[in-house]
Amino acid sequence: MKEYFKSDEFLIIEEGFEPSYNRVSESVMSLGNGHMGIRGNFEEKYSGDSLSGSYYAGIYYPDKTKVGWWKNGYPEWFAKVLNGINYIGIDVTIKGLELDIAKCDVVDFRRILNMKQGYMERSFVAIDKNNNKTKIVSKRFLSMADSQIATIKYTVIPLNYEGEIILQPYLNGKVVNEDSNYDEYFWEEVDKKADDQVCYLNMETKKLGFRVACTMKYEIYNKTKKIEAQQTKSVCQEGYVANVIKIPVKAGDEITLNKYISAVTNRDYSNEQLEDVSIKEVTKAYDKGYEALLEAHISKWDEKWEENDITIKGDVKAQQGIRFNIFQLNQTYTGDDPRLNIGPKGFTGEKYGGSTYWDTEAYCLPFYLSTAPSKIARNLLIYRYNHLEKAKENARKLGFKGALYPMVTMNGEECHNEWEITFEEIHRNGAIAYAIYNYENYTGDKKYLADYGVEVLVEISRFWADRVNFNKEKDKYMILGVTGPNEYENNVNNNWYTNTIASWTMEYTIKSLDYIKEDHPTIYDKLLTKLELKDHEVDKWKDIISKMYYPYIEDKKVFCQQDGYMDKEQILVKDLPEGNLPINKNWSWDRILRSCFIKQADVLQGIYLFNERYDLDTIKRNFDFYEPRTVHESSLSPCIYSIIASQLGYEKKAYELYLRTARLDIDNYNSDSDDGLHITSMAGTWMSVVYGFGGLRVKDDELCFSPFLPKSWTGYSFRIMFRDSLLSIKVDDTIVIELISGADVMINIFNNKYILTKTNKVEIDNN
Ligand code: BGC
């Protein structure tokens with residue numbers, strides 16, 4: 001596999017400009033701060049191939065649905081992650097010629113993502129057709145300390161000429177989404193202003209009226225000397241504002257433009273406040289100055305790394321991979337706004353409308369549970385609680401009782417439109433129930449069930465109870481016409497995972513109701529009235545639990561992915577001739593559907609979630625059967641297999657799959673990182689270290705570990721929060737677990753119990 005980025009523990013380094021790889025680099029070099037994000041696009045004009053992207057959390061557009069054949073139940077519109085005002089732009093003119101590196105010779109090109117300090121840096125020398133050589137150095141960040149601020153330091157160094165350069169920093173609201181269904185333009189201008197020093201632009205989305213207002217200010221230096229008087233003018237056009245700064249230069253000058261930007265939205269302020277707030281914010285930033293802003297930003301990143309870094313010794317690629325994943329997760333979601341969620345592409349691309357998939361509950365929640373105060377994970381649950389009414393409407397629309405959460409959503413409404421997924425990939429409902437259990441189990445906050453959780457559980461159980469059908473002859477409940485996590489087969493009957501999670505949800509709902517009845521009787525009575533829950537409903541759930549049908553492959557003693565799976569021709573991935581993988585790029589859809597190849601963990605997803613139910617032999621048989629048939633063409637796949645491989649002691653396999661998940665985007669493994677990064681699977685990467693190599697589990701309120709050291713590493717360490725205590729875990733020749741802060745914790749290592757206190761760390765020989 002060709003490596004485009006040099007390995008380094010904290011940097012992603014691209015050396016030499018390869019236009020055909022630009023979109024991938026732009027994705028990898030994306031920056032974000034939870035409030036907004038930008039792809040690694042260039043500041044100056046670039047007429048080559050590029051996906052320009054500036055995104056604002058929670059700002060979306062309901063694009064009219066486009067389908068081949070309309071089916072009742074499809075949503076009318078599809079929420080698009082929206083490309084908004086481009087605030088990074090700085091056009092450069094050198095002695096009358098516009099700088100465009102697609103039209104120059106470019107030497108010494110470097111684009112670097114500094115993950116330790118959260119900025120992107122770029123440098124190159126451009127030689128234009130007049131043989132003028134110009135060195136450009138730029139550095140930018142989206143402040144973690146003040147999420148509404150972005151700053152760029154852009155330096156132009158004429159190397160062999162004198163004359164005039166023009167710098168034109170701008171705000172451009174005339175941007176488009178590449179994936180717009182009807183090539184529609186989504187934005188309208190509300191207001192703009194431009195004078196010699198300050199430019200302001202306010203744009204509004206059509207239909208929903210989201211507003212984004214940006215203001216910019218700038219300052220110019222030659223080396224360290226501020227240049228006060230420039231010949232400037234401003235430009236004010238439809239959806240576009242700019243300053244035009246003319247500067248006479250000679251060879252060896254170093255002209256630096258510091259561009260300060262504020263970006264505020266009417267999700268946080270009223271429309272009337274936007275201009276005022278935006279101008280005030282940028283003025284504050286300008287007054288602080290570039291260095292002070294950078295320092296505050298870096299110190300926030302220091303805090304983040306202190307909380308959730310994973311160190312790996314002896315393997316730079318693995319180290320770079322895990323840090324890249326953690327870095328991108330921290331950039332995407334900071335957890336302080338319960339209206340937001342974690343989109344599969346975060347702030348790095350447009351693909352996948354909507355923001356919230358089952359990915360959040362099944363993959364991302366564990367990361368936030370263990371690396372942040374519990375209110376952050378709780379916010380992710382509250383997000384779904386707040387969408388419960390919409391999920392009930394969605395179930396009603398399809399003719400069912402209870403609640404069916406959407407496959408993809410922005411505001412609680414479904415915005416996915418392929419019948420085999422929208423209507424059939426209903427296992428997602430189970431992940432939402434499981435997340436409640438996961439939160440309660442990890443944090444010990446059982447009261448959440450009474451306050452919020454059980455309402456969601458009851459409505460999901462009602463849906464399952466209505467969606468099953470009873471087969472009299474077999475005396476079993478069946479779930480027909482579904483798509484399991486393996487999207488390489490649709491409309492199957494009795495997907496083992498779906499049946500398992502449906503039945504488990506009902507069990508957990510009953511258990512939760514019993515607990516509330518016992519511990520919070522007053523709340524229980526109120527809930528019964530609010531939910532109109534009757535005994536006969538619960539009795540029905542019990543009947544379904546006891547008579548659920550689970551397909552099984554008798555001779556192999558493994559769970560059968562779905563009815564009929566064994567009718568397929570059984571071929572292993574390793575026996576596919578070269579050039580077939582990835583099958584989703586090389587095969588027709590029909591061929592994929594008929595094959596035995598599995599896109600992502602399906603039976604294994606169930607074994608991962610309900611791990612304690614199965615003995616090691618069962619887990620091994622299922623892993624040995626399904627892994628060789630899995631092509632891992634969803635980014636969500638390798639991490640789950642890696643965790644189970646670790647559990648089984650398949651260290652080599654666990655490591656191989658870890659690298660695949662950790663470096664998925666850096667190495668463009670699935671040839672699709674040009675669209676944007678796979679953000680949600682990054683939490684899976686974290687799990688494959690902490691749950692996989694570290695063996696973390698929470699059983700009966702006890703934190704358990706069973707760590708091992710992958711052969712190519714000399715050591716690794718991670719930190720986790722557990723019920724407000726912060727623990728550090730280091731694994732090399734010894735396993736050392738220390739309490740960094742918070743109350744004493746009872747831990748279990750390889751089935752031995754220890755009490756961890758501030759003065760008593762646990763140290764075990766690991767040889
Ligand atoms: C996967 C789904 C996932 C979605 C978004 C698809 O390729 O098959 O399981 O929810 O991507 O990440």
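One-based numbering along the chain as shown.
Any Cβ shown, glycine's included, is placed from N, Cα and C.
The domain 'Glycoside hydrolase family 65 N-terminal' annotation in TrEMBL covers 13-267. Over the domain 'Glycoside hydrolase family 65 N-terminal' (13-267), the average per-residue pLDDT in this prediction is 96.
Look at TrEMBL and you will find 323-687 tagged as domain 'Glycoside hydrolase family 65 central catalytic'.
For Asp359 (substrate binding site), the same-chain residues lying six or more positions away in sequence with a CB closer than 8 A to its CB are Ile342, Pro344, Leu636, Thr680, Ser681. Annotation comment: TrEMBL describes Trp358, Asp359, Lys599, Gln600 as substrate binding site.
Cβ neighbours of Glu487 (active site, proton donor) (same chain, under 8 Å, six or more residues apart in sequence): Ile421, Glu425, Lys599, Gln600, Ser634. The annotation active site, proton donor is assigned in TrEMBL to Glu487.
What TrEMBL lists as domain 'Glycoside hydrolase family 65 C-terminal' is 696-756. Mapped onto DSSP helix, strand and coil, the domain 'Glycoside hydrolase family 65 C-terminal' (696-756) counts 0 helix, 40 strand, 21 coil.
The substrate site is defined by Trp358, Asp359, Lys599, Gln600, and by the 8 Å test on Cβ atoms against their centroid, the other residues of the chain that qualify are Tyr357, Ala362, Pro485, Glu487, Ala601, Ser634, Leu636, Ser637. When the Cα positions of Trp358, Asp359, Lys599, Gln600 are compared pair by pair, the longest gap among these substrate-binding residues is 16 Å.
Counting every protein chain shown, the number of other Cβ atoms lying within 10 Å of the Cβ of Gln600 (substrate binding site) is 24.
Note: Trp358 (substrate binding site) has non-local neighbours Met407, His427, Arg428, Ala431, Ile432, i.e. same-chain residues 6+ apart with C-beta under 8 A of its own C-beta. In the three-state DSSP assignment, the secondary structure recorded for Asp359 (substrate binding site) is helix.
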